[in-house]
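Copied over from TrEMBL:
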COMPBIAS  1-33  compositional bias 'Polar residues'
REGION    1-50  region 'Disordered'
DOMAIN    62-315  domain 'ABC transporter'
TRANSMEM  426-445  transmembrane segment
TRANSMEM  457-478  transmembrane segment
TRANSMEM  499-525  transmembrane segment
TRANSMEM  531-558  transmembrane segment
TRANSMEM  565-584  transmembrane segment
TRANSMEM  646-664  transmembrane segment
Amino acid sequence: MMPPDQQETSSTLPGNNSHPANSTMPSSSSGNVSPCLEDPDNKQHDPPRFSILGESLLPVTLKFEDVTYNVDLAPGKGGCCSSQDPKPTRTILNGISGIVRPGELVAMLGPSGSGKTTLLTALAGRLPGKISGRITYNGHPFSSSMKRKTGFVSQDDVLYPHLTVLETLTYAAFLRLPKELGKEGKIQQAELIIMQLGLTRCRNSVVGGPLLRGISGGERKRVSIGQEMLVNPSLLLLDEPTSGLDSTTAQRIVATFRGLVRGGRTVVTTIHQPSSRLYRMFDKVVVLADGCPIYSGHAGRVMEYFGSIGFEPEINFMNPADFLLDLANGIAPDTKQDDQLDLTTTGISHHHDDQNSIKQSLISSYKKNLYPLLKAEIQTTSQDPIHFKSGKLRLRENQWTSSWWLEFKVLLRRGLQERKHESYSALRIFQVLSVSILSGLLWWHSDTSHIQDQVGLLFFFSIFWGFYPMFNAIFTFPQERPMLIKERSSGMYRLSSYFFARTAGDLPMELVLPTVFVTISYWMGGLKPSLVTFILTLLIILFNVLVSQGLGLALGAILMEVKQATTLASVTMLVFLLAGGYYIQHIPPFISWLKYISFSHYCYKLLIGVQYSANEVYDCGLRMHCRVMDFPAIKYLGLDHKWMDVSALLLMLVGYRLLAYVALRLGQPH
């Protein structure tokens, strides 16, 4: 299918390098057509200047030949098309081939576990591990330039729940569109995507999630598609975009894909049991059974092909998709329903053998009848006129679309807007306020005559603001891992800009709460009534908070699993607590080194050092006055090298965050 004549729109699509400065939004009259329910396919007769239904700027011919993928497993039997010998691996994909040209909409069908998602992920260049076979894009392997021309929509919609539809697409536009468009141009593109995908009515509604009610599932799916359509992708891959949707909503989404392929794009989607109306909208289908192909070719010739090899439906007007799924499950059209209900051991075994026999027959027929023709078509297809070897194009595509500073600002603003509901929650504020007031009441107006109590309060400061920030920071990267993988795989931003924006976005709340806590507890607890001492105490606590937060970020980034990271953090803080210098003063020499890796130990020493001067005395009984520095708990610490303690905390501050960044870098898919 060739794209329609829409040459006037192609020069203003977001992926183009030349954008007119005076581009304007389409007239508001186009918004009268039932927003959120409209069919985008109905608008193609009068597309806007930036229409996503315009022509693709770089048509892509996708070829995949004999694609095979294995995963490591315990020894056991493989799939239906593997050998009978036990192997330590399982074959997920086995010799799958196909070709998708610009302007074609291809559907992958098959039962659950047949390898559809794995194949789609491999075509998107996002499948870890080694893939056998050959996948080419206009005759070239996957590259960074191709990555930015590929849109990938996963089955699960990974979106920020507290952002609105407009905010979600606007932030994506800021990050993904070239800087030549400017701020206003990027906002226009987001607005036009909203209009084209029928999201006008819900543009100011929050996306929502499992714990927050938002837009509907179909609208959420269209938002995910819109994020990928912002960059005018030449190749669009979608994993079950209609799952969980009613037939009408599913048809609207597939109708959107039809509008996209008319612009010369290559669209491949997996789909779960489509209706007959949906099936007729596909140009080609690929049918998988246990990772092996049983059909690959034109959608309209399916019934003819299977009829030629002895598989004809008993019902004349049967949905082709239902027929294909039955065959992929090893169920022949003439199988009686009573045979399926035989639940005896012999019946189940016989039924399973019959299914495997049918699958093997279909696989053999594919290899004999379709595979040679498909292989010849792939081999003889002429090279596309547009290649990635153009020096100018390659230079442009390998560059980041935005500067580091712009990425940092956008990510910081998006993070603050998304997490303000969590950071400034009433529960966290109540937690800190209640503990600060309680500690102030317990140590109400203590003085140096009760120096042991004051030392205990300072140690409590160091421990509480060691535990609290670290356990909050542990959740940071594990919770954002799906979003980070999705956006980094699309080349939206640099990892460094994300890391600095994420850590900087946590600072306001991480520093405000301890400031309130220390202000209340310090003066209620009767510590030295000196403004300078109070400020120094506050600065030490804030320094300790940053170090503790860095350790939490590092543990979360290394393990990327909340339960494991929390367990390790509990053990770590218990060690720091015991080695902090308050509970144990005479640690055996062979284990005394633990206190030197405890940031609570250094924080505790600095708090004691700024609270008491060298000549200060306290009432030690019988009208005697003793020097504070001779108090056993303080004398043991050794307060002569405060700058060394500050340097140790500074080293930990930088080291922990550097470790977190390196762990994130190594954990990213390549």
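Backbone N, Cα and C define each Cβ position, glycine as well.
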### Cβ contacts the transmembrane segment (565-584)/the transmembrane segment (531-558), at least three under 8 Å, sequence gap 6 or more
yes
## Note on the structure
Long-range CB partners for the transmembrane segment (426-445) (under 8 A, at least six residues beyond its ends), listed in sequence order, are 453-454, 456-457, 460, 464, 468, 509, 513-514, 516-518, 520-521, 523-526
### Message
Need one number: mean pLDDT over the domain 'ABC transporter' (62-315).
### Response
89
